[in-house]
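A quick write-up on the structure given underneath.
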């Protein structure tokens with residue numbers, strides 16, 4: 001359960017978040033969409049406290065996260081593909097994560113096996129293709145069985161087969177009642193997974209609606225069409 | 001022929017008579033004489049007085065005839081802090097083997113452990129003189145020998161302390177193998193000529209280890225001067241030779257290995273100057289030949305004031321000094337040649353053991369320091385090194401003429 | 001904290017630059033001491049390395065490392081770790097790496113060739129300068145957004161501490177040469193860790209020259225046990241204060 005209230009953030013002269021309210025319920029799979037520079041990544045980073053908001057607060061499972069770090073044990077984060085230390089091997093990144101979260105014993109290594117990452121543990125992150133890095137990121141996000149998944153452009157660079165594996169995984173986790181936030185530009189991939197849509201534009205949330213509401217309002221089946229209608 | 005033989009016989013006979021006549025007096029607790037004073041009064045010229053071990057309070061002993069005083073087992077003559085202990089007022093007196101202590105202290109009279117008044121051929125050998133105002137004092141002495149004495153005082157202030165060996169208006173003195181410490185000046189000469197000072201050690205004196213003025217034609221050999229308040233000061237003298245002496249650890253703003261002032265025509269050779277704030281400070285010095293000396297680990301090796309001229313400074317070693325040479329003017333009338341400078345960065349392509357480019361021993365920073373001593377705090381900073389390097393390439397503040405034309409590339413073995 | 005410290009260490013040590021720096025220090029210091037005929041001349045060359053090269057390398061290396069670790073830091077930040085912990089670990093990791101590099105590369109050689117208080121002083125100052133300039137690098141890295149600006153700021157800091165500051169002090173010394181400003185100078189030197197380290201070493205190196213009057217004032221301060229401890233205390237403050245500032249900024253920084 002994540003709630004943001006009156007979130008404001010300014011980078012220099014640019015207002016990247018304006019009074020952002022969102023509510024993410026357990027079991028919801030939320031697509032965070034919007035044009036480039038609309039503040040999606042900033043919002044995600046605010047939830048993870050990589051970016052400190054100027055005003056407003058973020059409540060995670062009932063507690064204000066300001067100054068906290070333990071709540072992140074309940075989040076699986078998959079960053080955009082370039083963001084990994086380049087001179088560590090896959091094995092080292094994964095074992096480091098395990099080391100940091102030593103007390104989280106229940107590990108979910110399903111993706112690790114499906115992507116057959118263990119065979120290439122010795123390869124350095126810097127030498128990997130974008131798709132491979134995405135796989136590592138996905139595995140890390142799911143590894144510790146968190147309550148909340150935050151996936152920033154998860155399918156970018158992934159081949160169709162791997163994308164499908166990831167989608168199935170997300171759907172499986174959703175059915176366990178976990179919250180998922182996905183940002184993506186490829187709306188067609190989101191159709192089958194998501195239950196809600198948050199649309200951001202120039203730092204503001206234009207709307208947060210469930211898929212059912214959207215379908216009713218727009219009389220469309222495809223997400224991309226719904227969005228197009230909503231904005232127009 | 002016969003006459004000569006007779007003469008020899010007569011001389012032999014006479015001297016035998018004299019030997020017979022010379023009597024030995026014994027002084028001691030268990031001897032017939034208990035007092036040295038009494039013995040001196042009873043004795044006749046040429047007699048010998050032997051003093052047994054013990055402590056004697058004789059006030060002031062005045063020796064006015066040629067006597068030989070010998071202490072056996074280092075008898076103590078105590079001046080009780082009031083008297084001059086031995087006053088020698090006759091020639092050919094010998095004082096051997098006494099412990100002379102606690103002379104009086106006076107600001108009017110120069111009280112001493114042993115004082116020689118206007119006498120010749122006096123010998124003062126093997127004595128220990130402690131806690132005296134002056135140690136051994138000579139005035140108008142001639143051809144006296146001061147040898148193997150140990151002179152120790154514990155002076156704290158210059159006014160409360162006299163000199164260890166003090167000579168005034170004397171000549172042909174031999175001062176050898178003495179150890180002097182804790183006095184105002186270790187060895188002090190004024191108007192002393194034709195004398196030899198050899199193998200003495202003078203250390204921890206309040207002012208100078210050696211101090212002389214107006215003393216010409218003297219020779220100093222193999223003495224060691226360490227840790228004296230202001231090092232060694234040599235002024236207003238000519239034809240002074242200093243060979244193989246050691247000047248060590250004379251630390252302080254006004255402390256010098258040697259302070260040379262108004263000196264001319266001498267030789268300073270084979271000496272060691274080590275860890276002094278200033279190795280040699282020269283002011284108004286002319287025609288002195290300095291060679292084969294070693295200057296090591298001094299703050300300044302040589303401080304040559306512009307008033308010096310015709311100095312010949314060659315074949316010396318300059319090793320690990322903070323500054324090798326500094327000067328206060330741009331006029332240079334002295335000659336540097338064939339010295340070894342460890343700061344020399346030149347090369348010797350023709351392998352003749354002399355560097356091919358001249359060395360300028362005066363660094364810019366030493367000139368700056370001369371003008372503004374506080375800049376010392378910036379020494380060895382990058383900016384000061386930069387300034388020094390620039391100055392080496394284009395001399396502007398350092399005297400252009402002060403250079404060693406043929407610096408050695410290897411230290412001179414000494 | 002030590003749960004990520006060791007990963008930081010592994011990451012830094014793998015960086016070839018540290019290895020190269022260690023080797024370079026080792027070769028240079030060994031050749032300095034074996035080429036010079038007296039160890040005191042070697043000490044002088046080492047002094048320049050400690051006062052110039054060590055701060056420069058510590059600054060540049062640490063700044064570049066901090067920028068190159070942007071992703072690493074982000075990865076750590078998405079984990080249940082305090083920002084405090086992350087920054088401390090990075091700092092201690094850099095200190096360990098650069099300190100070890102200095103100790104193995106130069107420290108041991110110095111102590112072998114100059115086993116004295118002077119040698120010890122050189123090694124201590126070298127270590128402290130490594131730490132100080134690492135802390136300053138962290139500050140430079142956290143204050144600037146992009147790498148080029150960060151490295152630029154680092155180089156400016158280095159120039160400032162090695163040349164500009166001294167130039168200003170020297171200028172001041174000449175302007176105020178009529179006043180007794182020795183004590184003031186002692187205070188001023190506290191504002192530049194390189195100067196402070198240099199003076200501490202100077203006290204051991206040029207003992208004879210420092211016995212002069214002006215020297216004596218400095219010696220009375222920097223030569224006494226309390227002066228030396230105060231100086232080292234100040235050097236330690238030079239590590240702590242920039243680091244604490246960088247920590248404060250890092251806690252609020254957006255990544």
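Placed from the backbone N, Cα and C atoms, the Cβ positions cover glycine too.
Where the annotation comes from TrEMBL, it is an automatic prediction and has not been curated.
Residues or ranges marked as transmembrane segment by TrEMBL: C:18-35 (among others). Among residues of the same chain six or more beyond the transmembrane segment (C:18-35), those with a C-beta under 8 A of the stretch's C-beta atoms are 12, 42, 45-46, 49, 53, 57, 61, 97-98, 100-102, 104-106, 109-110, 113.
Positions annotated as transmembrane segment by TrEMBL: C:47-67 (among others). Only residues 6 or more beyond the boundaries of the transmembrane segment (C:47-67), in the same chain, are considered here, and those with a CB under 8 A from a CB of the stretch are 12, 15, 17-18, 21, 25, 28-29, 32, 90, 94, 98, 102, 106, 122, 125-126, 129-134, 136-138, 140-142, 147, 150-151, 153-155, 157-158, 161-162, 194, 197-198, 201, 205.
For C:87-113 (among others), the entry in TrEMBL reads transmembrane segment. The list of residues near the transmembrane segment (C:87-113) in space but at least 6 beyond its ends in sequence, with Cβ under 8 angstroms from a Cβ of it, reads 1-2, 4-5, 8-9, 11-13, 15, 18, 21-26, 28-30, 33, 39, 42-43, 46, 49-50, 54, 57-58, 61-62, 65-66, 69, 73, 119-120, 122-123, 126-127, 130-131, 134-135, 137-138, 243, 246-247, 250-251.
What TrEMBL records for C:120-143 (among others) is transmembrane segment.
The transmembrane segment annotation in TrEMBL covers C:155-176 (among others).
The transmembrane segment annotation in TrEMBL covers C:196-218 (among others). With a threshold of 8 Å between CB atoms, the same-chain residues lying at least 6 positions outside the transmembrane segment (C:196-218) that come near it are 40, 43-44, 47, 50-51, 116-118, 121-122, 125, 128-129, 182-183, 185-186, 189-190, 228, 231-232, 234-235, 238.
Remote same-chain residues near the transmembrane segment (C:224-245) are listed as 91, 124-125, 128, 131-132, 135-136, 138-139, 190, 193, 196-197, 199-200 (criterion: CB distance under 8 Å, separation of at least six residues from the stretch ends). According to TrEMBL, the transmembrane segment annotation covers C:224-245 (among others).
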Could you give the residue numbers and ranges of same-chain residues that sit at least 6 residues beyond the transmembrane segment (C:155-176) on either side and whose C-beta is under 8 angstroms from one of its C-beta atoms?
51-52, 55-56, 59-60, 133, 136, 140, 185, 188, 191-195
Other same-chain positions with a Cβ less than 8 Å from the transmembrane segment (C:120-143) and lying at least 6 residues past its termini are 43, 46-47, 50-51, 54-56, 58-63, 66-67, 87, 90-91, 94-95, 98-99, 102-103, 106-107, 110-111, 114, 150, 153-154, 157-158, 193-194, 197, 200-201, 204, 232, 235-236, 238-243, 245-246, 249-250, 253
